[in-house]
Amino acid sequence: MMRLLLVAAAALLLPNVVAFSRAVSCDLEHEYSCGFQCIPLEFLCDNVRDCHNGLDEESCEYLHSCPIGDFMCRTGECVSSHFKCNGLAECSDGSD
Ligand SMILES: [Ca+2]
């Protein structure tokens, strides 16, 4: 009973931690499982880290890469990492 109360209290106090520690089930026909997170299959090996653990970019072979210090847009364009998340779209698709 005490253990049940502790789990309930933890769930109330730390909802994000409890939710994150739960494995999720993905729709594997359309999604890739990072373990505790699902991402669209098209995000796999696209040179952008989408999984919190980076699993979607491990064991990938890339046909195209960007110079060190650059960020690769989802379109494959290379832009300086300094411009990533600066509120302006340097990538033609706005993926930066
Ligand atoms: Ca990715």
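Cβ from N, Cα, C; glycine included.
Under the heading disulfide bond, TrEMBL lists CYS26-CYS38, CYS45-CYS60, CYS66-CYS78, CYS73-CYS91. Residues or ranges marked as signal peptide by TrEMBL: 1-19.
Each of the disulfide-bonded residues CYS26, CYS45, CYS60, CYS78, CYS91 was scored by other CB atoms within 10 A of its CB, and the lowest score goes to CYS60. Here the Cα atom of CYS91 (disulfide bond) is found 18 Å from that of CYS45 (disulfide bond).
A strand conformation is recorded for CYS38 (disulfide bond) in the three-state DSSP classification. Secondary structure at CYS45 (disulfide bond), as computed by DSSP, is coil. Between the candidate disulfide-bonded residues, CYS38, CYS73, the densest Cβ environment within 10 Å is the one around CYS73.
There are 17 other CB atoms within 10 A of the CB of CYS66 (disulfide bond), with all protein chains counted. Closest to CYS78 (disulfide bond) in space, going by CA atoms and restricting to the disulfide-bonded residues CYS26, CYS38, CYS45, CYS60, is CYS45. Rounded to a whole number, the distance between the Cα atoms of CYS66 (disulfide bond) and CYS38 (disulfide bond) is 26 Å.
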